Amino acid sequence: MESFTRAELVAQRDGVWAVCGEVFEAYEKCRMEKGSDPELCLRESTAVVGCSQKVMREIVKNCQKELNESVKCIEENNMRTIPCEEENKAFNECFDKLVAPKFL
């Protein structure tokens, strides 16, 4: 399993949520219904990791340049994304064009 920095996760969050939102919601629902024992929601947790990893691999494969620019800006601004609108816009456009269609 690949590992990502905090800034990479922040930069990718909207794209990952757009594709994996239903999986995330199923996991949260399970946690609310069954409590905090991780084994009770293992299937849902595995689905979250699997979906997220698939999306992030496609982002790295297709939008690496835009991701790097967004991450650099986020890191330079103490993990704040507001000053990085231009970089985030370029990343989101790449995601919408090259990554999202693979999951529709």
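Note that Cβ sites are derived from N, Cα and C of the backbone, with glycine treated the same way.
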Motif 'Cx9C motif 3' range according to Swiss-Prot, out of 52-62, 63-73: 63-73
Disulfide-linked residue for Cys30, taking Swiss-Prot as the record, within Cys41, Cys51: Cys41
Record Swiss-Prot, residue Cys51, disulfide partner from Cys20, Cys84: Cys20
Fewest Cβ neighbours within 10 Å, where candidates are the disulfide-bonded residues Cys30, Cys41, Cys84: Cys30
Residue numbers, six or more beyond the limits of the domain 'CHCH 1' (17-59), whose CB comes under 8 Å of its CB atoms: 1-2, 4, 67, 95, 98-100, 102-103
For the domain 'CHCH 1' (17-59), residues assigned helix / strand / coil by DSSP: 40 helix, 0 strand, 3 coil
